[in-house]
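Enquirer: Structure below; questions to follow.
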Amino acid sequence: MSATPRVIPIQPAGDPRQPPPLFEPRRKVYARAVSGWFNRWRWVMVWATQLVFYGLPWLSWNGRQAVLFDLDARRFYLPGLVLYPQDFIYLSALLVLSAFALFFFTAVAGRMWCGFACPQTVYTEIFMGIERRIEGDRIARMRLDQAPWSARKLARKGAKQAAWIALSLWTGFTFVGYFTPIRELAASATAFGLGPWESFWVFFYGLATYGNAGFLREQVCRTMCPYARFQGSMMDKDSLIIGYDSRRGESRGSRPRRADPKALGLGDCIDCTLCVQVCPTGIDIRNGLQMECIGCAACIDACDGVMDKMGYERGLIRYATLNGLSEGLGKAQMWRRVLRPRVLVYGALLAAVGVAFVTSLALRDPLRVNVVRDRGVMARLVEDGAVENVYRVLVMNATEAPQRYRIAVSGLPGLAVAGDTALELAPAAERSIPVSVRLPAEAAASLNDRTQHIRFEVTQLADTGEAPTVQEASTFILPR
Ligand code: SF4
Ligand code: SF4
């Protein structure tokens, strides 16, 4: 008598007569630690970006903080460069440049930015690293979460939260240190004397770091990040993605290590699910390209490790293109498709804006001048019959050294500045001074129009060589 095969009934996940829920409850992702070539590069990027972020405000340049966005003084200090609000155009150009760079790199390399350099990824990586050190790897963390509260669980969870909060506050402090001199900020913080705005921003930025990297994590990439939404419009089937080679991997299934998969009718995927377990967004890359994939390459490292153990060729999950995977293209064939119209257009725009940005920054005037007629003082006759107009001249020293300037006027015969024409300014300082301009009586009598066009010339007095001069147009008014 043959034994009746044991049947395990398949249970529907929900009531099939009901529509699927609008909101799927969040499944906590317990990403498993992974090692490998891409993991090492991810940590190189973590260290590189964080050394820059935490270290830059402590660097000095010419006796001042090297990078400081001094909002009170309306000065942006960069190494070798002082920018004024009038230089806002450079910030706009930088944003345009960043946008084109993102378009270009997305068209070529998909979400490589997300996986290796995006602050959300970098901080999530750091927070997960702390979590692993304190609570252990995937299984240990799952067990700890499921275990009832005990002194051990309290100690581990408490230690993790303390480390996360300390890092978040340090991040908030560093962020504020880009806007307030960081050494003064540190002195105030250690004396518990932070001002209300400084305290607010330290805690606000710290809370944002904690919330995004410790609590929301992959939810930011899955549901909040706008880049994840519009990246599809910048990519095509020849953009680099991380993909599973289903032609090679299917049919998936477990098998003894030394078995011949072909004889068993199997592909190279042994269905170990390691690629899913290491994924920080909790997706299965074997289901194809998904919006949630941030391109971190953790699944490549995991799968390459499995392939090594099985004695199979690496690259079942790899950087490839959709066309490359579906048509079985080799690396050289995929590289040949990199230069396509959208990449050339994005590249040309990026190069043009980049060259314009660098050139205009290099040719930027070290001296800024703004002239405004003093509307409170009308044209007036002075003692010798000359006509006098009064202006306010704003001179900005955009260099890192003290400078002397001379103010002159031209455009009418005999027109001259009355009184002292010299001015001295400290590095990165500005001053608005009243300037009286006089036109001799005989020159004024020979003019018919009441409004005359004149030019202010402010010259930087250099001890040697060429000195920059800035000209600013204005008008000279004659009395009726
Ligand atoms: S890690 Fe590789 S072998 Fe394992 S399930 Fe994923 S694709 Fe298959
Ligand atoms: S699928 Fe792979 S590359 Fe994409 S997020 Fe998950 S682990 Fe990273």
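Just so it is clear, glycine is given a Cβ too, placed from its N, Cα and C backbone atoms.
Please treat TrEMBL annotations as automatic predictions, because they have not gone through curation.
As listed in TrEMBL for this protein:
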DOMAIN    260-288  domain '4Fe-4S ferredoxin-type'
TRANSMEM  41-61  transmembrane segment
TRANSMEM  88-109  transmembrane segment
TRANSMEM  162-179  transmembrane segment
TRANSMEM  199-216  transmembrane segment
TRANSMEM  343-363  transmembrane segment
Enquirer: Based on DSSP, tally up the residues of the domain '4Fe-4S ferredoxin-type' (260-288) by helix, strand and coil.
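Expert: Taking each residue of the domain '4Fe-4S ferredoxin-type' (260-288) in turn, the totals are 7 helix, 0 strand, 22 coil.
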Enquirer: Same-chain Cβ contacts of the transmembrane segment (199-216) under 8 Å, 6 or more residues past its ends?
Expert: 120, 123-124, 126-127, 164-165, 167-169, 171-173, 175-176, 179, 189, 224
Enquirer: Using Cβ atoms and a strict cutoff of less than 8 Å, what residues sit near the transmembrane segment (162-179) while being 6 or more residues removed from its termini?
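Expert: Sequence-distant neighbours of the transmembrane segment (162-179): 53-54, 56-58, 67-71, 123, 126-127, 130, 134, 185-186, 189, 198, 201-207, 209-210, 214.
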